[in-house]
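Participant: This is the structure, below, for whatever I ask next.
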Amino acid sequence: MHHAATAESDWWLRLVERWPYSEKWLAVSIASVVHAVSLWVPCLFFTTVAKMGWLADCKLPRERKDMDPKLPRNKSRDWDALIEQIFGTILLVPLFVYLIFPSFSLVGISLAKASPSMPEMLTHVALMIIGCDFLFYWFHRAFHHPWLYRFHKKHHEYQATNIWASEYFDVVDMVFNILPGVIPGLLIRTHFVTLMLFTLIRGWQTAMSHAGYDL
């Protein structure tokens, strides 16, 4: 390939060169792993914290009704959320990446490109955070409209913060929660590596906003 000379000194191009399948499957594989890490590490961490009784002073009330932090959690709903997140990790996220991958080529993003510099990564991550927050605010606000709320009300079965609520969505709602994290990167034609770094950051932000702890 015409990137062979550069691949000798660039870790990302070496990976792309040695990957035995198409760039699409490389993107699907890496994005699926990154999503799994950004979801399951916080979920398992905060579940362990709750089980062991750590950080008790930082724990937020579970229910808004009477703000009693000792209310029993809805374990059945947590199991439903667990099953759905397994389903999302194994099927929905890989399928989503597979379907949107052609848009990478449309905007001129190629995986066979040398890894980005640190200044470029930091700049693009900052731009994606701003863009994602803007889009997420308006998408989320739109889904509180009476006509669209039917797709969003499932997420609000959790009446207060809970780590298992972080990706407890209707499928339609889930897609529109992912898009704000993808669209800004496509618009600025960011490197795939930068997009994955942003995905990790965004995943942690999402987990922290649902974890139920004031850290």
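Glycine residues also receive a Cβ, built from the backbone N, Cα and C atoms like all the rest.
In case it helps, TrEMBL gives these features for our protein:
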- 25-47: transmembrane segment (TRANSMEM)
- 86-109: transmembrane segment (TRANSMEM)
- 121-139: transmembrane segment (TRANSMEM)
- 125-212: domain 'Fatty acid hydroxylase' (DOMAIN)
- 178-201: transmembrane segment (TRANSMEM)
Participant: Short question: which residues 6 or more past the ends of the transmembrane segment (178-201) have a Cβ under 8 Å from it?
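Facilitator: Same-chain contacts beyond the ends: 12, 27, 30-31, 34-35, 37-38, 93, 96, 100, 103-104, 107-109, 111, 113, 115-116, 120-121, 124-125, 127-136, 139.
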Participant: Should anything in the same chain at least six residues away from the transmembrane segment (86-109) have a Cβ under 8 Å from its Cβ atoms, list it; otherwise answer none.
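Facilitator: Tertiary neighbours of the transmembrane segment (86-109) are 24, 27-28, 31-32, 35-36, 39-40, 167, 171, 174-175, 178, 182, 186-187, 189-192.
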